[in-house]
Amino acid sequence: MAHVKHMKWWGWGEEDVHFEYANKPAFAPFVKKALGVDLRPRERDTIPFSTVTVPGSRAGAEVLEALRAVSGAEHMSVDDELRVVHWAGKSVTELLLTRAGEFARVPDVVVYPADEQEVAAVLAVAVERDLVVIPFGGGTSISRSLQPSPHEERTIVSLDLGRMNQVLAVDETAGLATIQAGVLGPDMEAQLNARGWTLGHFPDSFTHSTLGGWAATRSSGMQSDKYGDIADIVRGMRVVRPGGTVVLRPLPSTSTGPSLREMFLGSEGRLGVITELDVQVHRVAEHREVIAYMFPTWQRALSAMHAIARSGVPTTFARVSDAHETAFSLSTQKAPTGLKKKLTAKGQDLLWEVMRRRGWDTDAMCIGYVCFEGAKAEVERHKKAVAGLVKHEGALVLGSGPGALYDQKKFDTPYLRDFLLEQNTIGDVSETAAPWSKLATVHQAVYEAAERAFRSQGKQGWIMSHMSHSYHSGACLYFTFGYGIGEDPHAEYAVIKGAVQQAFVDAGGTLSHHHGVGTEHSPWMAQDVSPEGVQLLRDLFAVADPGANLNPGKIVD
Ligand SMILES: Cc1cc2nc3c(=O)[nH]c(=O)nc-3n(C[C@H](O)[C@H](O)[C@H](O)COP(=O)(O)OP(=O)(O)OC[C@H]3O[C@@H](n4cnc5c(N)ncnc54)[C@H](O)[C@@H]3O)c2cc1C
């Protein structure tokens, strides 16, 4: 549709961007060792849409006419490819189904409203004619919070907020910006940066997700240590519901009963459509540096991260990979070409030598990154303070070279999943948060559960993790797992992913720190928030949306 960018229908991101491994000499041997998979050069750059058959739109002429009257014919579509782009997010299950053309139920019509009035008008049509409305941001959901129920008999409208993409105002005194919900991350940052501001919210999916989607899923960006999760960043909002709009003004804090703001955050389209948000913005930092550190063990790396969090030294992010993820990261390094890169490679050899002389087990070492922002002198002071803390845990300071490299590659990893699928291999992620006192236990429990699950499926699997997003009481653990696809991809995935999720809640973590619930994680809701908590949510949705017209079945059924 004119002026709204979409990801490719069959995978992540842009059509002409791919993960490449030919220039990463250690990658194929790593995959062979970790997963037992022999990588082959990419055979195709795209998947033609003609390879799939799409169920026809069930929208009747009257419904289409009513929606056309709201948005205009040029902002409404029943085109098959557009309907498929809107049918689901980018979880592994959805990627598998999409590539196989197993769509079950696809939205019948996509509508692109221009403004809040049009959103309200679409909801009025939906309630009057008993349609289902699924708000659509960037389509990056990884928890199946977009995919309609396969059993939905009613007409399904995908309400794409993509035309509502403007920064409307900035209160320069308070550092509060009013922004339309459908804006994609890069477009929003460009508009804010032009005025000298930033939101500071950078999820891995930043390039293709929207502000409204972040709010609707309680997202967290990699810089949350400084800027906060989206739940901290959003101070006010407008939410269109059938029959009216809830207006929450941007207030620094308020004592007005249970928080409506918190209730809408993470509501995944079930309580209405978020059209506009008031968000805390910050001046673009004068100076930014990412420093890398190598730790001798995971235990000491975690202790260092906790020490940094406790110290109060301001960091923009602090994260550390466990030994498996460190090995993976090293395998994705490009082959040195120019003189400078050759010198870097030589420096690496020397580093290995230092670590061996210190008696480190190089299979146990863990790489960490800390980002500092501020005036140059401030950054220097904070770097020094963190160096003291990490050295106390035996770490080596690797400097800003590897840190800068990490910073450049941070939005590339989502393409890896498509590449692996082409190799008949799953690569997926699951994340949790837990108190500092339980992080090591959760980490170990997830490894054990995943390995048991791999064995039960007769697979050679791989699991790796990093810690990021620190809070006073704990932090996020982010796991990536991989294995070769067998005879029944969906059944084996359910066992392996299910084992990871179950280990989260059993060991004291949450079912998700920032990916949301959707339908993928809803089976663990009762264990996470208690059966009474689930019932309260069911009651809330039943009263707030008696006709079950708003993205039904998500979060709790
Ligand atoms: C590879 C990958 C990496 C990811 N990395 C991160 C990460 O680092 N951090 C993170 O937080 N998440 C991450 N995610 C998850 C995903 O990007 C987030 O959930 C994101 O917030 C979704 O935003 P979106 O605009 O794409 O929303 P969509 O996927 O379009 O929608 C998500 C949900 O929100 C609802 N929704 C969307 N817009 C609105 C609105 N305006 N009003 C009401 N409801 C709405 C939808 O109905 C749906 O239920 C990742 C996902 C993938 C696939």
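Glycine residues also receive a Cβ, built from the backbone N, Cα and C atoms like all the rest.
Copied from TrEMBL, the annotated features are:
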- TYR478: active site, proton donor/acceptor (ACT_SITE)
- 135-141, 204-210, 217-220, 268-274: FAD binding site (BINDING)
- ARG417: substrate binding site (BINDING)
- 103-284: domain 'FAD-binding PCMH-type' (DOMAIN)
- ARG319: site 'Important for enzyme activity' (SITE)
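It is 30 Å from the Cα atom of ARG417 (substrate binding site) to that of ILE274 (FAD binding site). Candidate recorded positions: SER209, ARG319, TYR478. Those with a Cβ under 6 Å from ligand 1, in sequence order, are SER209. SER205 (FAD binding site) sits 15 Å from TYR478 (active site, proton donor/acceptor), taking the CA atoms of both as reference points. Between the CA atoms of ILE274 (FAD binding site) and ARG319 (site 'Important for enzyme activity') there is a gap of 31 Å, rounded to the nearest whole number.
GLY139 (FAD binding site) sits 21 Å from the residue listed as 'active site, proton donor/acceptor', taking the C-alpha atoms as the reference points.
Under a cutoff of 8 A between CB atoms, and with a sequence separation of 6+ in the same chain, the neighbours of SER219 (FAD binding site) are HIS201, PRO203, SER209, GLY213, ASP229, ILE230, HIS514, GLY516. When the alpha carbons of the residue listed as 'active site, proton donor/acceptor' and ARG319 (site 'Important for enzyme activity') are compared, the span between them is 10 angstrom. ARG319 (site 'Important for enzyme activity') and ARG270 (FAD binding site) are 33 Å apart (CA-CA, integer value).
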